[in-house]
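> The following feature annotations were taken from Swiss-Prot:
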BINDING   CYS15, CYS18, HIS19, MET81  heme c binding site
MOD_RES   GLY2  N-acetylglycine
MOD_RES   TYR49  phosphotyrosine
MOD_RES   LYS56  N6-succinyllysine
MOD_RES   LYS73  N6-acetyllysine
MOD_RES   LYS73  N6-succinyllysine
MOD_RES   TYR98  phosphotyrosine
MOD_RES   LYS100  N6-acetyllysine
Amino acid sequence: MGDVEKGKKIFVQKCAQCHTVEKGGKHKTGPNLHGLFGRKTGQAPGFSYTDANKNKGITWKEETLMEYLENPKKYIPGTKMIFAGIKKKTEREDLIAYLKKATNE
């Protein structure tokens with residue numbers, strides 16, 4: 001899969017403005033991502049999601065994140081995530097490797 005250290009840099013540059021990853025981390029514009037893998041869309045406790053996110057009904061794992069992070073608004077039309085996506089597959093792989101580690105510590 002990807003490189004965790006490179007993924008951490010991508011997270012800091014592109015995601016940390018709106019998301020936290022640590023256990024007990026607060027929600028920002030986007031939800032805290034701790035425990036992301038294996039959780040269904042729209043399920044972080046205490047975060048106000050759009051119906052689109054709540055109703056998508058998929059479980060977050062490597063494959064679903066690869067598709068979502070490429071083009072979030074295409075994958076979940078109606079999401080309030082205003083991020084355009086990451087077109088480079090290797091960057092998505094690195095970010096997912098980092099998320100897999102950081103959201104499970």
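Using N, Cα and C of the backbone, Cβ positions are placed for all residues, glycine too.
What does the local environment look like for each feature on the list?
MET81 (heme c binding site) has a Cβ environment of 18 other Cβ atoms inside 10 Å.
GLY2 (N-acetylglycine) falls outside any helix or strand according to DSSP and counts as coil. The Cβ neighbour count for GLY2 (N-acetylglycine), using a 10 Å radius and every protein chain shown, is 20.
Neighbour list (TYR49 (phosphotyrosine), Cβ cut-off 8 Å, at least 6 residues apart, same chain): PRO31, THR41, GLY42.
A simple way to gauge crowding: the CB of LYS56 (N6-succinyllysine) has 20 other CB atoms within 10 angstroms, across all the protein chains here.
The secondary structure of LYS73 (N6-acetyllysine), as reduced to three states from DSSP, is helical.
Applying an 8 A CB threshold to same-chain residues 6+ apart, the list for LYS73 (N6-acetyllysine) reads THR79, MET81, GLY85.
Following the DSSP three-state reduction, the secondary structure of TYR98 (phosphotyrosine) is helix.
Here the Cβ of LYS100 (N6-acetyllysine) has 18 other Cβ atoms within 10 Å, regardless of which shown protein chain they belong to.
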> Measuring CB to CB from CYS18 (heme c binding site), give everything in the same chain under 8 Å that is also at least six residues away in sequence.
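Listed in sequence order, they are LYS28, THR29, GLY30, MET81, PHE83.
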> Could you state the CA-to-CA distance between CYS15 (heme c binding site) and LYS100 (N6-acetyllysine) to the nearest Å?
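With distance taken Cα to Cα, LYS100 (N6-acetyllysine) is 14 Å from CYS15 (heme c binding site).
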> Within 10 Å of GLY2 (N-acetylglycine), Cα to Cα, which of the recorded positions HIS19, LYS56, TYR98 are there?
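Checking Cα-Cα distances against GLY2 (N-acetylglycine), the recorded positions within 10 Å turn out to be TYR98.
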> Neighbour count, 10 Å Cβ-Cβ cut-off, for TYR98 (phosphotyrosine): what number do you get?
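There are 23 of them.
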